[in-house]
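One structure below.
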Amino acid sequence: MTELRHRGTTENDLLYQQSEDKGSENEGKAEKDGVSDSETKPDTGLLEVPVPADDTPEVLNKALSGLSSRWKNWWVRGILTLAMISFFFIIIYLGPMVLMLIVLCVQIKCFQEIIHIGYSVYHSYHLPWFRTLSWYFLLCVNYFFYGETVTDYFFNLVQREEPLRILSKYHRLISFALYLTGFCMFVLSLLKKHYRLQFYMFGWTHVTLLIVVTQSHLIIHNLFEGMIWFIVPISCVICNDIMAYMFGFFFGRTPLIKLSPKKTWEGFIGGFFSTVVFGILLSYVMAGYSFFVCPVEFNSDHNSFEVDCVPSDLFQLQDYALPASLESFTGRPTVRLYPFQIHSISLSAFASLMGPFGGFFASGFKRAFKIKDFANTIPGHGGIMDRFDCQYLMATFVNVYIASFIRGPNPAKVVQQLLALRLDQQLNIFNSLKSHLTERGLLVEAA
Amino acid sequence: MTELRMRGKGADPDSVSENGDNKEADGGDRLGLPGEAGGEGDGDSESKADTPEVPPSTADNTPHFLNKAVEGLNPRWKNWWIRGVLSLAMISGFFMIIYLGPIMLILVVMTIQIKCFQEIIDIGYRVYHSYELPWFRTLSWYFLICVNYFFYGETLAEYFGALVQREDSLQFLVRYHRFISFAFYLAGFCMFVLSLVKKHYRLQFYMFAWTHVTLLIVVTQSHLVIQNLFEGMIWFIVPISIVICNDIMAYLFGFFFGRTPLIKLSPKKTWEGFIGGFFGTLVFGFILAYLLAQFQYFVCPVEYNSETNRFTAECEPSDIFVMHQYTLPSTVQDILTWKTVNLYPYQIHSVALSTFGSLIGPFGGFFASGFKRAFKIKDFADTIPGHGGIMDRFDCQYLMATFTHVYIASFIRGPNPSKVLQQLLVLQPKQQLSVFFTMRDRLRDRGILPPAATDPM
């Protein structure tokens, strides 16, 4: 999430931003090296654009017309925040399918915002192939990832339908062929005077795909583990943002990093502790419901997603003996916790410590390209990327965390791979497994 | 591979035409290049400002004895001879490495990967004048090490399963491999964010992106090459030879018969060279596959023998390396008066590989040519006299490596058995039992296992 500046009125804000940028870039302008010279001149007119208040819907404007302009903006932000959070609850209620669609939409919007910035920076609008090629690459990469996901999780459905089975068997080849077509189109579209621009846009598209698309698929993988693995990380990041803002607002004194002058150490540390507490409480509330903790499975009989299972050990209350110091403090010898709550501490810690780096990265990016927000999609907040910049690192971390500490490989997937092997290899593995299980005493030799 | 220009004469006319061509391009992206603040119309100042137009000056790098040996000849032929000698040297080097075995091959692939990475990053530094930002070199190399650690770790875990199971410290590293790699990467990411310097944001983001795209291209594909190698050295040798052969054949056909230009991007390529190269490569691939498919050393998957601590390539050759009889279609029968022909199935696969190498491989070359024109460099570097840098030799290979890997995954092999076993052993005991019973039933259905009545289990 971006630094939470007071947005104020349009003109004040714009001037403030320009003066802030000019102040920080003054030294840059004086340089002969030309790093900033060539940047500031053409940029100033073009990209100092965003005028957030214009996007605010009429209804909100009217409702707030009486208030002072500073508070008006604060209210707009507040209302939109509440709107987004309610929207979040609604889609959770609607279930996994809707969540996946929403993730897909957010991904497409983020991609569009970043590519749009690339076009503005490089004045690439007049190269008609680029938009086509960028969207084509987005489609290819999405096809590849969704195909892998579908094959993993919808195994039974895929095996039944003949065309799906072929698509799934040769999935990598088809995806690669699609990508290659795009690559060849790129090479054929190289125009004599625009080589460098075209290579820049190609690189820009690929880096954007790497960041946006891979991580949105990691989010969906997390989702399939159980909706709690989707909700808790996102909520921790949002909470950290809000808490850091509150603590910074009330107690902020020492600046945190030159890159984002409004962040403070007090906000950072206060946000850290409150996010940890929030995470523990939220996990406690959620771990009680199988809707949240069960892996999402596709029921091929009903053709719908269901979440129904015996919750794993992670989500069963257990007794933990408190260390002696805490015992005397709280007067209780043991405490009942879900093991998941302990995992939530690591998730919250990551969200509070590393999440802000994602925000700094996005701030640096915006300063580098002299834009205020990624786009104007959300009144008072900027673009979708502005809201989601901290989430990306979080999604990858959760995925890696789950793979390392929580689950092993998916048994259905292992069976699938086994059945694809040659028969003699299957027999070998069967015998190895048998001896392994017998050694462990799990299998009893009857004779 | 790059367009095979006559380098002796080519330096001057090419650089002048490139300057003229790219004037307007750079005018358009003035924003992107810090060195061009004033220069829109002046080609010379542009080229001096952003990219040092280092003429390849091949003769400077040529070793002394070669220079002496070709002293007497006409300068045009001299250059041709140097190129020829170096080509032969590289091909012999290739044969030697193959003889030395898989470990050497892996080391050589790794060295080439590092050199390619260095060459591309150097270009990035020159384009962006990033030399004065000291963190970049460190960060770029650090990211290279991280990504290599991630990939090599995954490979080792798969193929050295037995060795890994023995050592406890290795087991720890393998089990938490992704987490450790991610932590390393994050540390680099945080260092990048902390290293952002006020006046240099854009430069730094450019170098960050440049590094990542380079890693994506160079490192991932070098690992695909190594994975292909583990399938059997033939899957490494045949694709690479096909690309090299296509290059040489296309050059020869173009040299003798070339008339119609192929693509504006590389004016020296011709349709005659392209088509001649295609057919020449098909035949070459077919013959090479026939020759190599007979030796176990080439066709067997490379395995690590934990007792002798060495790599071995010994096995029962799979079906595709066993001679089969194919009946020819009747039309061909009339021409050749043979009813059947004995072929290895692998030779048919080699036709697919050759087709790809001849048709799509050149696109990799065009991409590299476009890249060099875009950044106004003649070669990626001067490592090999007469040929340019390592990237110049390997640019067509990358797409080939990925294609071979995808081809193998789709048509040849199933999953790797040891990897599947490893995954099985990581499962929960309950899950292992259920997999066991499922497998037992399936194997019984197929008749591999004796049925339940006689089997006491």
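Cβ coordinates come from backbone N, Cα and C, glycine included.
Those TrEMBL annotations? Automatic predictions, nothing curated.
Features of the protein shown, as given by TrEMBL:
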type     : residues  : note
COMPBIAS : B:1-12    : compositional bias 'Basic and acidic residues'
REGION   : B:1-63    : region 'Disordered'
COMPBIAS : B:20-29   : compositional bias 'Basic and acidic residues'
TRANSMEM : B:80-112  : transmembrane segment
TRANSMEM : B:133-152 : transmembrane segment
TRANSMEM : B:179-197 : transmembrane segment
TRANSMEM : B:204-226 : transmembrane segment
TRANSMEM : B:232-258 : transmembrane segment
TRANSMEM : B:270-293 : transmembrane segment
TRANSMEM : B:346-368 : transmembrane segment
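Stretch with the most C-beta contacts under 8 angstroms to the transmembrane segment (B:80-112), considering only B:133-152, B:204-226, B:346-368: B:204-226. Among the recorded stretches B:133-152, B:179-197, B:232-258, B:346-368, the one sharing the largest number of Cβ pairs closer than 8 Å with the transmembrane segment (B:204-226) is B:133-152. Remote same-chain partners of the transmembrane segment (B:133-152), defined as residues 6 or more beyond its termini with a Cβ less than 8 Å from a stretch Cβ, comprise 110, 113-114, 117, 121, 125, 177-178, 181, 184-185, 188, 191-192, 195, 197, 200, 203-204, 207-208, 211-212, 215, 219-220, 223. Long-range contacts of the transmembrane segment (B:179-197) within its own chain (CB-CB distance under 8 A, at least 6 residues past either end) are made by residues 133, 135, 139, 142-143, 146-147, 149-150, 153, 173, 204, 208. Proximity of distant same-chain residues to the transmembrane segment (B:346-368), defined by a Cβ-Cβ separation under 8 Å and at least 6 residues beyond the stretch ends, is recorded for 1-3, 234, 238-239, 242-243, 246, 250, 263, 265-266, 269, 274, 277-278, 281-282, 284-286, 288-290, 293, 299, 320-321, 380, 391-392, 395-400, 403-404, 407, 411-412.
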